[in-house]
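Undergrad: After the structure tokens below, expect a handful of questions from me.
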Amino acid sequence: MSARDNEKGSARSQPSHAAASEIENVPRPSRQQSWTGTMIKVFIICACAGIVSKYIIPLDSIFKSVHIDPHDYATRANRILSTTPLIDGHNDLPYLIRLETKNKIYDHEKLPFRTGLLSHTDQIKIQEGKLGGQFWSVFVECATDPNAEIDDPTWAVRDTLEQIDVTKRLVQEYPDLLEYCESASCAKAAFKRGKVGSFLGIEGGHQIGNSLASLRQVYDLGVRYITVTHNCDNAFATAASTVAVGKPDLGLTDFGREFVKEMNRLGMLVDLSHVSHQTMRDILSVTKAPVMFSHSSSYALSKHLRNVPDDVLNGVTKNGGVVMVTFVPSFLKVDDPASATIHDAVDHILHVAKVAGWDHVGIGSDFDGTADVPEGLENVSKYPRLIELLLERGVTDEQARKLIGENILRVWSNVEEIAENIRALGEKPNEETWSGRKWTAAIDIPMPFMFKDSADKRKEL
């Protein structure tokens, strides 16, 4: 700025003596008038804020309603994933951590979760895939000896507790990305905060030692679903893998009915993935709450016993549950797994939706739980492409929202509500034990008796 400009500016900034005199003669408002005027302004601002909050559409709703070319599938998919949490029913990353680091997670050079792992799940892939919530499997395998007695729970329960521990610690280690949750409402709130809600699921009743007392304890530790069986029978039910090797499908046991009843009382999701087809039907006939299949596909499209037959899909509709379609190639295309692609996953989703309805389908990848993946679904980052392809096949935005998260959140909320109602009626914890249970022998030192027949009771141990 030149000196001349400065002079002009200075001249303009100085009022004349006459003008100054006029200003001085203007009556100033009294202190009472100033206070009143301020309060009026505050009232107007508050009133406007109230009107906005009551009548103006929330920002996420505005985003949802912005017009987008219906053929711009990528933008539609991005909008859907940005406003509705994609909640995956099953991911086995904690088990990989167990296998490869013995649950040591704090050395970020040895476990570069932020910068990238060769497996299916890490921070970069999660963010690229717009994952909105994850049921992390705190999986422990069945006994390697197929003839092992199922009442040998010591190591399985111990290892399950370790998996619960490492999963919680993993979530705590990355608080900018993950948020631990034990309820459907928390899952929704975490997504609004920009975090991936992280929930715990146990993959097999063997992991709780076939015990309802253990069931209650893992619930208290935050586990929110249990897969009734894994690839082995237990005290509760027959597994699909048992039927696959030619053994009879005995379905749900009497004790299994007590197990389901107690899960309903607690508010824990009953997961039917891995169970035999008869077990599926039996559980649907006795449960008081909606069920889930955390990672299963359609038996009509691929005759793998891990998949769900159409009659069971119809049963899920009546039950109000959800079938979360998985990406395991042998489940998608049992006759030729190597040729499975993302399009096969789309086919399975559409079939489940056609038979069960769009209110009863979800996504349960089984990422990091299978070495083989379909072409196009190599890892967690591929979810947006999956949604794009579904939209290309005619799926509406509303249907896609139900698929990716609204359905499982509804089921979870319903399970919680039913449990509250059951407990409100005064139902107490189930004290039943499995008939094949081997009780720990009494210690060989004198102990006082509680009853007249105590000696006989102790002989039964």
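Glycine is treated like the rest: Cβ placed from N, Cα and C.
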Undergrad: Which of these, CYS46, CYS48, CYS232, shares a disulfide with CYS142 in Swiss-Prot?
TA: CYS232
Undergrad: Per Swiss-Prot, which one of GLU203, GLU375, GLU378 shares the Zn(2+) 2 site with HIS274, HIS295?
TA: GLU203
Undergrad: Compare the Cα of GLU203 (Zn(2+) 1 binding site) against each of the recorded positions HIS230, CYS232, ARG306, ASP366 and report the nearest.
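TA: Closest by Cα: HIS230.
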Undergrad: Name the residues of the same chain, 6+ apart in sequence, whose Cβ is under 8 Å from the Cβ of HIS90 (Zn(2+) 1 binding site)?
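TA: Counting only residues 6 or more apart in sequence, the Cβ neighbours of HIS90 (Zn(2+) 1 binding site) under 8 Å are PHE135, SER137, GLY201, GLU203, SER273, SER294, HIS295, MET324, THR326, GLY364, SER365, ASP366, GLY369.
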Undergrad: Can you count the other CB atoms that lie within 10 A of the CB of ARG306 (substrate binding site)?
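TA: Neighbour count, Cβ to Cβ under the 10 Å cut-off: 24.
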Undergrad: Which one is closest to CYS142 (disulfide bond) in space, judged by CA to CA distance, out of the recorded positions ASP92, HIS230, ARG306, ASN379?
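TA: Sorting the recorded positions by distance from CYS142 (disulfide bond), the top entry is HIS230.
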Undergrad: Which of these recorded positions is closest to ARG306 (substrate binding site) if you go by CA atoms: ASP92, CYS232, ASN379?
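TA: Smallest Cα separation from ARG306 (substrate binding site) among ASP92, CYS232, ASN379: CYS232.
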Undergrad: Fill in the CA-CA distance, CYS232 (disulfide bond) to ASP92 (Zn(2+) 1 binding site), as an integer in Å.
TA: 18
Undergrad: Whole-number Å distance between the CA of ASN379 (N-linked glycosylation site) and the CA of ASP92 (Zn(2+) 1 binding site)?
TA: 12
Undergrad: Using a 10 Å cut-off, grab the number of neighbouring Cβ atoms around the Cβ of HIS230 (substrate binding site), all chains included.
TA: 23
